[in-house]
Amino acid sequence: MDKKEYSETFYHPYKPYDIQVQLMETVYRVLSEGKKIAILESPTGTGKTLSLICATMTWLRMNKADIFTRMETNIKTNEDDSENLSDDEPDWVIDTYRKSVLQEKVDLLNDYEKHLNEINTTSCKQLKTMCDLDKEHGRYKSVDPLRKKRKGARHLDVSLEEQDFIPRPYESDSENNDTSKSTRGGRISDKDYKLSELNSQIITLLDKIDGKVSRDPNNGDRFDVTNQNPVKIYYASRTYSQLGQFTSQLRLPSFPSSFRDKVPNEKVKYLPLASKKQLCINPKVMKWKTLEAINDACADLRHSKEGCMFYQNTNEWRHCPDTLALRDMIFSEIQDIEDLVPLGKSLGICPYYASREALPIAEVVTLPYQYLLSESTRSSLQINLENSIVIIDEAHNLIETINSIYSSQISLEDLKNCHKGIVTYFNKFKSRLNPGNRVNLLKLNSLLMTLIQFIVKNFKKIGQEIDPNDMFTGSNIDTLNIHKLLRYIKVSKIAYKIDTYNQALKEEESSKNENPIKETHKKSVSSQPLLFKVSQFLYCLTNLTSEGQFFFEKNYSIKYMLLEPSKPFESILNQAKCVVLAGGTMEPMSEFLSNLLPEVPSKDITTLSCNHVIPKENLQTYITNQPELEFTFEKRMSPSLVNNHLFQFFVDLSKAVPKKGGIVAFFPSYQYLAHVIQCWKQNDRFATLNNVRKIFYEAKDGDDILSGYSDSVAEGRGSLLLAIVGGKLSEGINFQDDLCRAVVMVGLPFPNIFSGELIVKRKHLAAKIMKSGGTEEEASRATKEFMENICMKAVNQSVGRAIRHANDYANIYLLDVRYNRPNFRKKLSRWVQDSINSEHTTHQVISSTRKFFSMRSLNSR
């Protein structure tokens, strides 16, 4: 297939909408023209994920086809390519290139595809038998000692015993403690991935055929070097649920082979990366509750004398039949994260480490934000982004996520509880701890007491900036000591032992008192292990940068916050061929340009804001110009505004929207919604409105109300859901069809300007403007723009919950006269802007609403 056909069809499994074609063409053009950044807004429900898959996979296969075609052409014409090769290349490499080894490469690729097809038609149990047979054909090398070890220890005691809580002996300041250092043999070095020109790509492909890359003589797998894909598509999203949705979408299209008829059935090599919490199959590790504890328990077990029966950090394990079988099963069809665990169990192979070994072969890799955005995590997982395509979905939260990854916070209460936990642990086990463990625990406890005293003595106001050197003034603690303590925490795995011991004590005490810990409390404790929080905070203390700042936050906390998210993001930009930032609500895009991409030339950035797939008549957005409806900080508590104008609007809207359809209203904060509810209840207005529509409202510590609201809507009784911007229901919930026929935004949800975080951010932004030669007026405008961007991003994210598919319909009501101002309207998503109705009074809005729904044939009850 030629390039024209590639770029026009994209192998979309259905007839694509115009905006899907527009998005696919934009992505393909960005990749073909070598642009660095694409910022794409495509509303939820418009098939964004599938469009991204089709465009990027089409380009990837086309790119590989181009390389293959040029290789064929060079070989057929016996073209001398030596001038494009390095002068120090040995003669045999050039001779090999000039001879027709290409056919051998093709044969190996074809053999591997046939091998994957055989696996795809075989059950997991049958595959294990097939692996035993395959070693006779030279594909795998049997490693009998590993098999015997795995078969010999199937029954495990997974209860928590006291021995589980005791660390191995630790020698203070000794380098011999670090059992985590190991070499990973049989891997290609980073330089082998740096393929910037066609000829370097050709050389690498040839190298992988005939041995320029060093091969392990114990490696019986003839496929692992042949099938590496240096150029990959990395797709990152916020949750594993979203990554699972990507997997289901990837199964829909079919893409042609990069090698046409020579390798006719080239499968998509898809690899879902996940954490040990999702993929671990060892009961001794799985019994721990938190990701941090699981990671430490895994490392502790792997480095113990007993070891893990599912994994060994050796080339022998990597090339044993079952490890290779699991790798190939991953690629035999498109597997979800949940599929990897039963596959690993059936073969007795760790799916977490086996999936990491499969990384070089993969074409498409999905991974959670943390894996992509943390440079240290990418390094530890050997994720090389060189010349690859990086797609970051749900990117509206990208800046906040980067800031969160590189920030840390610890409260006075956290420090006191951690101190108490260490004392409890130390008193219990001190006689069973070696001197190295005892000394370091005492040092750690002393450090905690120093931080406690610093907060008690120095906390004056939220947003007060802190010089980190002041925290330890007058103590014998310095940065070197903190480095040593961090190393102790990492090597000894003491954090999870102390945290889990104290949690076990709480559960035991609760059980004895016949007063079980509430499930919600247990979850909160296990999800925030205190000593892990402390170690993260200490890490920030030892890795100071000019882009971060320590300051006091509420609840007597010290927070370290990254102020320049563009700095850690630079490493991704520098390595990747292209970075695609995609989301349903990406406006205002100026936030990305100023905060994340300040050094990227505008010519290298492409932006696209798509309209919705629904017909224009399926959506109306109303803004009233009634001056009474202005929810500024000074006016929003007004009894007249709350009890008269706001209340009457909801009564009128509740009557205008058919009862079969639900109404979802978003309020700027829990505090304000609680104030409104209280006012309405004091004068029976709440009961009056509740008689028109059953009211469900979100409370900060309340129970889940979504199921009750959904049931009420399904029964057609008329339902009103009052939710919070940034709350549990404003993101990730699909209010499609009758769940939301009207979405109301009450006021403009500006963030709290008195929070320590915003005080420091605004001060930093103003200082940066002034330092670059700006005026005070320019600094003031920049901080105002910063606050507006936060506000409007929240608005777009909330109202985007309403329309979820092509046949859906709903109305949006922006209930504040300030939405009429150009600076706010221009920051609405394009599809919302294009649907704005010019009605002015609430009476006109309600009248137009009745007409809208009368045309939709909704049954009114």
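Note: Cβ is positioned from N, Cα and C throughout, glycine not excepted.
As written in Swiss-Prot, here are the features:
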BINDING   Ser42, Pro43, Thr44, Gly45, Thr46, Gly47, Lys48, Thr49  ATP binding site
BINDING   Cys280, Cys298, Cys308, Cys350  [4Fe-4S] cluster binding site
DOMAIN    6-458  domain 'Helicase ATP-binding'
REGION    161-188  region 'Disordered'
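A map of Swiss-Prot features onto the structure.
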residue : record                        : contacts (Cβ under 8 Å, 6+ apart)
Pro43   : ATP binding site              : Gly584, Thr585, Cys610, Asn611, His612, Val613, Gly800, Ile803, Ser829, Trp831
Gly45   : ATP binding site              : His612, Val613, Gln736, Ile803, Arg804, His805, Ala806, Asp808
Thr46   : ATP binding site              : Tyr17, Ile19, Gln20, Gly584, Cys610, His612, Val613, Ala806
Gly47   : ATP binding site              : Pro16, Tyr17, Gln20, Val613
Lys48   : ATP binding site              : Leu23, Leu40, Ser42, Asp393, Ala582, Gly584
Thr49   : ATP binding site              : Gln245, Phe246, Gln249, Asp393
Cys280  : [4Fe-4S] cluster binding site : Met286, Ile294, Cys298, Cys350, Tyr352
Cys308  : [4Fe-4S] cluster binding site : Asn282, Val285, Cys298, Leu301, Arg302, Cys350
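Packing around Thr44 (ATP binding site) is summarised by its Cβ count: 20 other Cβ atoms lie within 10 angstroms of its Cβ, all protein chains included. Here the Cβ of Cys298 ([4Fe-4S] cluster binding site) has 23 other Cβ atoms within 10 Å, regardless of which shown protein chain they belong to.
Those same-chain residues not listed among Cys280, Cys298, Cys308, Cys350 yet with C-beta within 8 angstroms of the centroid of the [4Fe-4S] cluster site C-beta atoms are Lys276, Ile281, Asn282, Val285, Leu301, Arg302, Phe310, Tyr311, Tyr352, Tyr353.
Shown in sequence order, Ser51, Gly584, Cys610, Val613 are the same-chain residues outside Ser42, Pro43, Thr44, Gly45, Thr46, Gly47, Lys48, Thr49 whose Cβ sits within 8 Å of the Cβ centre of the ATP site. Mapped onto three states, the DSSP output places Cys308 ([4Fe-4S] cluster binding site) in strand. Ser42 (ATP binding site) counts 27 other C-beta atoms within 10 Å of its own C-beta, drawing on all protein chains shown. Around Cys350 ([4Fe-4S] cluster binding site), a 10 Å sphere centred on its CB holds 27 further CB atoms from the protein chains shown. The average per-residue pLDDT of the prediction over the domain 'Helicase ATP-binding' (6-458) is 79, rounded to a whole number.
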